[in-house]
Amino acid sequence: MSSNIHANHLSLDASSSSSSSSSSSSSSSSSSSVHEPKMDALIIPVTMEVPCDSRGQRMWWAFLASSMVTFFGGLFIILLWRTLKYLWTVCCHCGGKTKEAQKINNGSSQADGTLKPVDEKEEAVAAEVGWMTSVKDWAGVMISAQTLTGRVLVVLVFALSIGALVIYFIDSSNPIESCQNFYKDFTLQIDMAFNVFFLLYFGLRFIAANDKLWFWLEVNSVVDFFTVPPVFVSVYLNRSWLGLRFLRALRLIQFSEILQFLNILKTSNSIKLVNLLSIFISTWLTAAGFIHLVENSGDPWENFQNNQALTYWECVYLLMVTMSTVGYGDVYAKTTLGRLFMVFFILGGLAMFASYVPEIIELIGNRKKYGGSYSAVSGRKHIVVCGHITLESVSNFLKDFLHKDRDDVNVEIVFLHNISPNLELEALFKRHFTQVEFYQGSVLNPHDLARVKIESADACLILANKYCADPDAEDASNIMRVISIKNYHPKIRIITQMLQYHNKAHLLNIPSWNWKEGDDAICLAELKLGFIAQSCLAQGLSTMLANLFSMRSFIKIEEDTWQKYYLEGVSNEMYTEYLSSAFVGLSFPTVCELCFVKLKLLMIAIEYKSANRESRILINPGNHLKIQEGTLGFFIASDAKEVKRAFFYCKACHDDITDPKRIKKCGCKRLEDEQPSTLSPKKKQRNGGMRNSPNSSPKLMRHDPLLIPGNDQIDNMDSNVKKYDSTGMFHWCAPKEIEKVILTRSEAAMTVLSGHVVVCIFGDVSSALIGLRNLVMPLRASNFHYHELKHIVFVGSIEYLKREWETLHNFPKVSILPGTPLSRADLRAVNINLCDMCVILSANQNNIDDTSLQDKECILASLNIKSMQFDDSIGVLQANSQGFTPPGMDRSSPDNSPVHGMLRQPSITTGVNIPIITELVNDTNVQFLDQDDDDDPDTELYLTQPFACGTAFAVSVLDSLMSATYFNDNILTLIRTLVTGGATPELEALIAEENALRGGYSTPQTLANRDRCRVAQLALLDGPFADLGDGGCYGDLFCKALKTYNMLCFGIYRLRDAHLSTPSQCTKRYVITNPPYEFELVPTDLIFCLMQFDHNAGQSRASLSHSSHSSQSSSKKSSSVHSIPSTANRQNRPKSRESRDKQKYVQEERL
């Protein structure tokens, strides 16, 4: 009862005091000229539940004093301890010197007795130091973010600091100072618990600190000094003072560290952004808290009479408009302390605002536009494309991958590159936004691989920079990408481009690299030189093959020009489809003829499964092979929909249909439950091929009964002579020193060269290696008989060729003429006018920045050769002086009849008629090769006359192989076998091991590998097909060749001006791929066809010694090098009539 009366008395005293103060304020205001209301002094709320000071006296000084005493008292103790420690150290140092002097004076006899107590003392000190160090290390581990306990503790302290700041925000709505009962105030209890934890954590930090003085002065310690002690004072006095609790906002500076501990912030930009934001916000909130304190309290020297009631958030607003120098004036500081603080804060705040805010905006604006993660769409596959991502490479890839001729490409393309796309590339992505997405990142970063969902991707495609200055470095980068991707997800299918053939060996070192599961390396140098080598064997074949594996839209031309027929063939591509059950049991030629005549499809190969279920690709296997159930066929057609006819064909329903467009899925087909019909088009392509056979290799082989050579061939095998490499795929000879194959200009002139291949190469000792082995290997395939091998003469820098020779010294019939392709004397010495092909290559193309000048050497060499003039009597006189006539001149001899089916000109008097193929880097430079064409500089390469005629080749045409390989992994196997002469993964592993071919003895197994299909050019001028050459139908020729000789025709090499009514002297030819049945033939046409291997073709040369694999070689039936000493006494055996008849009219070339 008394306490209640006492409380009421305090309330009355407070009321009277308030009223008197109010009256005095009002009188003062009335006497003032400016009538401005004055804020009342702060009144401490007093209730009977909370005993407070009876006089209503303010106790803010007690709270502040507790903090100041703690801070300065601790600082004094630390300084005192340091001073005493310093004095002790100085004294001990002086005493130590005295004792040391005494020890020296007393001698060593007393050393043992005097040192013993000192050692005991040192041991005691060491034990004490060890105990203190252990406690210090324990405290350091407890607060260190390197351990789990430390991280939990650091995060917990930060979270509790934010909680204490939130409590401050809540209490800021109350008066600055008020009476509160600790046992009833819930927020005060929580704040007390938080500060007890802060006190314990402060103790751990103090123990772990190396420098106690600096620890005492750091920001976090100051925050604890001015926030922890006042809480304990609040409990003792039953009072609450808002005071300096706003300093807890300074803990926000550590926000970025906490996020790094939690592994949330990983990039430098994100860390910097969070740092700037945390510093800016913590400074802003702390300054607002100080303004809130002084404005609501007033100035002490004014007896707190000039205070104003401002909420904390109004102070936050005031500080923001102050930092931004806007200053609306609606809220402003009235106290002297507040205004003084604003004077200094506006200087620092303005500087911080002017520097931090733009940087924050820049970091936010520079946030990766292409960050994020890929979201997989249900029922839709996606592939990841990385590597060399530029406008050119991406546009070429998308143009082929998303071509309309492909059958419903339901695949999303995800590009991953560490550089954001430029405006042009970004526009390209937007045009294909429904199927293309771009993400910025690196495949070397597992986090970025996870962003693009590499583990669920159908494949990963790696593009290479074909124009880089250092091909080996580019290959190394792509190999590292493969390693990173395979390390992240070993099962992912990878298709990568490689520039150099020797770098493919490094891929075999990757444990998870498995070509049997779909991994493929597209070596651009290997395929480029392989295509050029095929042009040496059958000019124009490289253009036809390049067009077959590229997606081209049909361009219709009404006028009767060579472009009309060329473009009709260009629209054909290679597709695969399972054959209908109606073909089961039929021979391959029968099915091939039926498809061509009735379905308007050209089938060139099948996937054959032997008795042990091993799969092999067989090209034109012959009439002995019967079609099996579920056989996969390889077709040449204009689009994928046409190829489905082979799958839908039903003899009962479609036998009498003449229009192939009406061949669709019939009722019989719907009732069948065939395994192939359950496969999607992509599955059909992916499941076919050698990927299912662990022991099979992608070799083009015929049916098992024909794998063993005839008895005559076995009898003629010389087991003591190594004629072929260990796989039996290539001709081989013992390694030769480069000095033995070097010809001087006079030696070359004395050696009558004809029907050979001249390789003009530009390169020096510093040039990147081209990889000439890839050019020579197709020309030395074992499915050529030895006397059919074309001699190869390299004309170029001997320094460069020495670097390449290590990979060439095992091939026969190779010579080198040191010189330059720009020297006409060197070219005449090698009889370039009598060569079958002149190849112009350059190893210096990528070292020039100006793309227009990258091909300058090749273009100059090509124009130099074309401008040369020859006397047709020179070659005849040179040959006749030794008793020989150059092949192709004497047509009365059977051996010198049409060269491989191609009639050599009676004489070549101008370089324009010399067969040339020039390698180009820049496609637009093709306009400089032919001076008589009218090609526009912006014309695509495949539309230009030099490419259509097979006289130019660029590596860019191989870009389409990336998408072709993805949709059908057998395509790359097929094309590599065609253009490389039969290279296999086993051979690549051997070359990777030894970097050279290894010789092997002739056995039935290795000789069986010679039984591979070959390409021939069939002349229509005379012979068994001469009656069809003059106005006959191509379809009749197709059927006759297939039935009579098992030869599969697939294209025409026609004179450019053959359609003109007036005769033309132009000898240029162009390629027509897969003409229709009714296409009219002309006598000068050359027909591309696939023919069987003829074991008897080499019998007439069986007596030739295969050990003479040098430049001094045997003569060929049609083209060879005629070396004077070695050919004088050669006798030719008579050949069988059938063999001679075939070789008279067929130009046999190997793929």
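Backbone N, Cα and C atoms are what each Cβ position is placed from, and that goes for glycine too.
Among Glu392, Glu412, Glu474, only Glu412 appears in Swiss-Prot as part of the Mg(2+) site alongside Gln435, Glu437.
Going by Swiss-Prot topology annotations, Lys212 is found across the membrane from Asn296.
Note on Swiss-Prot: of 143-163, 311-331, 332-352, 752-772, the range annotated with the feature region 'Segment S9' is 752-772. Checking Swiss-Prot for transmembrane segment across the ranges 238-258, 637-657, 826-846, 1015-1035 points to 238-258.
Annotated range for motif 'Calcium bowl' in Swiss-Prot, selecting from 665-687, 918-940: 918-940. Swiss-Prot lists region 'Segment S8' at one of the ranges 187-207, 271-291, 586-606, namely 586-606. Looking at the topological domain 'Cytoplasmic' (81-151) alone, the prediction's average pLDDT is 66. Residue counts for the topological domain 'Extracellular' (234-237) under DSSP, helix first, then strand, then coil, are 4 helix, 0 strand, 0 coil.
Under 8 Å from some Cβ of the topological domain 'Extracellular' (234-237) lie the Cβ atoms of residues 59, 62-63, 180, 182, 188, 192, all in the same chain and six or more residues away from its ends.
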